[in-house]
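Participant: In case it helps, TrEMBL gives these features for our protein:
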type     : residues  : note
TRANSMEM : B:6-26    : transmembrane segment
TRANSMEM : B:33-54   : transmembrane segment
TRANSMEM : B:60-82   : transmembrane segment
TRANSMEM : B:89-106  : transmembrane segment
TRANSMEM : B:142-158 : transmembrane segment
TRANSMEM : B:188-212 : transmembrane segment
TRANSMEM : B:218-234 : transmembrane segment
TRANSMEM : B:241-261 : transmembrane segment
TRANSMEM : B:267-284 : transmembrane segment
Amino acid sequence: MTPRLELRGISKSYPGVLANDDISLSVLPGEIHAVLGENGAGKSTLMKIIYGATPADAGQIYCDGKAVPEHGPAVSRELGIEMVYQHFALFESITVVENIALSMPGKMDLKGLALRIREVSERYGLPIDPDRLVLSLSVGERQRVEIVRCLLRQPKLLILDEPTSVLTPQAVRKLFETLRQLSDEGCSILYISHKLDEVRELCHSATVLRGGKVTGETDPRQATSAELARMMVGKDLPEMMVEPSELSHMPLLSVNNLNLAPETVTGTSLKAVSLEVFGGEIVGIAGVSGNGQGELAAAISGEKITSAAEDIVLEGRPIGHLNAGRRRDLGLGFVPEERLGRGAVPPYELSENALLTAHRLGMVKHGMANRRKARDFAADVIEKYNVKASGPSAKAHGLSGGNLQKFIMGREIELSPKVLLVSQPTWGVDVGAAAYVRQTLIDLSRSGQAVIVISEELEELFEICDRLYVICNGELTPSLNRADTNVEEVGLLMTGTGSKPAAPDVQTESVRYAV
Amino acid sequence: MDLFISMFAATIIAATPLIFAALGELVVEKSGVLNLGIEGMMLVGAAFGVWAHFAGLPMIVALAAAVLAGAAASLLFGVLALTFMTNQYAAGLALAIFGTGVSAFIGRGFGSTPVDAIQPIHLPGLSDIPVIGAMFFQYDPLVYFSFVMFGAVSWFLYRTKAGLALRAIGESPDSAHAIGFEVIKIRYLAVMFGGAMAGLGGAYLSLVYTPLWVENMTAGRGWIALALVVFAAWRPKRVILGAWLFGGMTILQLQGQAIGLKVPSELLSALPYLATIAVLVLISRNRQAMALDFPVSLAQPFRPKG
């Protein structure tokens, strides 16, 4: 059979990086082909080359056996190559059908197009209402719009870039059904992912990338996750060490019936959120992105100050009225999800970034910064937390995501916070560094501190958390013990359709944890 | 009653230059560009209209000259803001000042020479209806044309694919670029439309309303038009309502004493701006409306990626 798409010796370099090094792969008609790799392995560059958004430096692309000489997005569309981006290119202020009309050639016929959208969405089990405004759609629904937009062009090859990172487990299953149906109809699919389980469940073949090179080609249905991980990372991953925890008698942090209006137009309001975290445990907040996680993190950290002091209590002391700096003084550490720009100042040196929060360790006297102390502190963090950086004078934006995350986590932990709030600890962090970050969080909690992790990666939460809350549309479920729940149940709660666990009596809950 | 009718008609006429300029600016802002230079473009239009008129050209050609002059002035802003990606606030303010200077230069020599103004047209039958005729059917053609433009702008923005694309660009130029729209080109066209409309609004002042050339004759109407777009919360229909309201304030200022109004005229001239601030506060609380009509990318330079 002639491959639908064949790459031969594709190379692409950016200043200082060889993003793709002599990559060859082929995808048969109707095949679901995975491109596996860590962040920075060269997946995104390769996809851009295939789609024609970026020219390759060397190598050829063949489509149905014919060489593609001059490539570009327009050529891709002619060849029937469509791409669903990880970050959607949808306009919020207009309707679904208007969005799709914008990317269709020729005259605009909204009525006819709406009919075709309904047809396609029914046929592939992707329910969407063409007349709804995009701003009222959930992330999962927006993805469906993107997929339907591609399907309307009857593609021969569909590229999906990390499509499940925004979906609940149930939505992932539905997406897989749609993709299998497409594959049965002869459409080839390139599935970019770093999630091994999904690739093993869905894909017929896999090409593994590491450092811009192909490090393996395999049938993922036959391979084990460990084998795939070894091809991706180049070594075996460390086993997570989780010791049983010993809890403090009183919660170190509690949020009591917190209500908060959203900051932005598309934000979510928090509705009567209550939670408790004890010393010695990791508590996870699960949820599909955009359900109030950002607002909750801002409220707890003090970036957004709530109206009543008693809304948030740290070690028995109301702190709801205090700003972020005062809360840090009292021992509430915060690692935000955006490392560049919020966790660290990109063009500043690591020592200067250390100063931003670690000035509490006596680095500032009479308003003057002691740069030597800051440098020593940064050097300590770099060594202790395995940060790969040239030294304390390295600029923050020069570090990889994983290394900067390790540095920021280290900086916060060295301040010995009583409570550490971490948002998306392993976003854009490579597998090796992610394992390190998770282990660090576990160790921190086992030394008696309280840790709250807000994450969209369920596997991560199940790996490290002792208890879980699920946030959906600004509401928090009562807490679930990790040992008594499973991905299914949490997934249902994430969509707001699951039956909420009965709220346990707060008194007895405290007692149970104190024991 | 007669006073009411004459004040009503005067309000409609006073609102006309505002409607032209604000409808133009609305289209510009809907594409995500903020051109603060309306005052300058109106003055340039007013001056070139008078210049063409005294050069002996027919009125329709004088109007066309004003439109072209306004568009050309806006092109200056366009090159700075869109091609060189300078700060749009600075480029717009520069245009406002530049336009004032250029218009004064062009208008030298025509100062205070009365213009043969465009006259109201008499619509047989309609204009003669008592009261109604005086209120609705005794205007010059440009007043009617301003309503045609309102219809055209509304139809374009909300019924055509090009208008949809324009609004999409105003929300997210990056996404629009990714689907293949030529963001810069479309923004240039929007900016030039805004300039043309401001030029027409200026010419209305010098060829119909005043009708003669006086330096700085727009007297802040360009700034009012700018405020009007915000006041209208980026909806064409509210531009018309706002223009009447703001136009009415101008008339009240002029005739306040005649009708025995005790409010100082300075306060009246500040009212449009106060009203705009009040509306800004109100709409920023209404998130849904904000999300639907506000061009999110307003005043942010666009650099195409890749």
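In case you wondered, yes, glycine gets a Cβ from its N, Cα and C as well.
Caution: TrEMBL annotation is automatic and unverified by curators.
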Participant: Would the transmembrane segment (B:267-284) count as touching the transmembrane segment (B:6-26), if touching means at least three Cβ pairs under 8 Å and pairs must be 6 or more apart in sequence?
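Facilitator: Since fewer than 3 Cβ pairs under 8 Å link them, the transmembrane segment (B:267-284) and the transmembrane segment (B:6-26) do not come into contact.
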Participant: So which of B:33-54, B:89-106, B:241-261 is most in touch with the transmembrane segment (B:188-212), counting Cβ pairs under 8 Å?
Facilitator: B:33-54
Participant: Can we call the transmembrane segment (B:60-82) and the transmembrane segment (B:6-26) in contact, meaning three or more C-beta pairs below 8 angstroms at a sequence separation of 6+?
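Facilitator: They are not in contact.
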Participant: Using Cβ atoms and a strict cutoff of less than 8 Å, what residues sit near the transmembrane segment (B:6-26) while being 6 or more residues removed from its termini?
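Facilitator: Tertiary neighbours of the transmembrane segment (B:6-26) are 35, 38, 41-42, 134-135, 138-139, 142-143, 146, 149-150, 153, 193-198, 200-202, 204-205, 209, 218, 221-222, 224-226, 228-229, 232, 234, 236, 239-240, 242-244, 246-248, 250-251, 254-255, 259.
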